[in-house]
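Peer 1: According to Swiss-Prot, the feature divalent metal cation binding site maps to Asp20, Glu21, Asp112. Under the heading domain 'RNase H type-2', Swiss-Prot lists 14-198, citing sequence analysis as support.
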Amino acid sequence: MKYPDFTLENKLSGVIAGVDEVGRGPLAGPVISAAVVFIDRNTIIDGINDSKKLTPQCRQVLYEKITSVAKFGIGMASVEEINSYNILQATKLSMKRALIDLDLELDYVLVDGNQPPEVKWQVKSIVNGDNLSTSIAAASIVAKVTRDRLMQELHNKHPEYNWYKNKGYGTKEHLNAIGLYGITEHHRKNFAPISRAL
């Protein structure tokens, strides 16, 4: 398996943040972004990869390692903001907030995908960036673990939707629960399965 590395970061100079989001697709819960900066790019953390390729246990271990050696920021766009704008604009807002939370003077921002937020720093969009850049892959892990923990908290309040397992995604189980119990304030009302249930 090929792992991300610092090739992209090393082609640039200065302080470089990797940014990624988690939670664009679910029917419930916020979208979360993380920004990660490895000040020392000689830092080696074995196993960093796109969070979708890792087990939950592996993500937890890597999260602890990443957050102990790297600078990081977290940004969230709420369900209310997703409902008010749209998921793309809410995602950009969460990315911008993650960079603000990072609270560093940056030279470049590497963003996974091709729809970056408008920020004051130089931005490079990297399609499949979480497979290429260690900074972006690390951000994907931090964002994923952060959102999973939040969905666990929401699950404790609404166990009937089993968000602990489905993380708010539109699984058959989740859709069946919506049919049985209706929707909560944590559901995204402008997403088709939810808007049809209103």
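Yeah, the Cβs are placed from backbone N, Cα and C, and that goes for glycine too.
Would you situate these features in the structure and describe their surroundings?
Peer 2: Counting only residues at least six positions away in the same chain, the Cβ atoms of Val31, Ile32, Ser33, Thr91, Ser94, Met95, Asp112, Ala143 sit under 8 Å from the Cβ of Glu21 (divalent metal cation binding site). In the three-state DSSP classification, Glu21 (divalent metal cation binding site) falls within a strand.
Within the model, the domain 'RNase H type-2' (14-198) carries an average pLDDT of 95.
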Peer 1: Which are the residues of the chain, Asp20, Glu21, Asp112 excluded, whose CB is within 8 A of where the CB atoms of the divalent metal cation site average out, their centroid?
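Peer 2: Along the chain, the qualifying residues are Val19, Val22, Ser33, Ala34, Met95, Val111, Gly113, Gly129, Asp130, Ile136, Ala139, Ser140, Ala143.
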Peer 1: Neighbour count first, Cβ atoms within 10 Å, every protein chain included; then name which of Asp20, Asp112 tops the list of binding-site residues.
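Peer 2: The largest 10 Å Cβ neighbour count belongs to Asp20.
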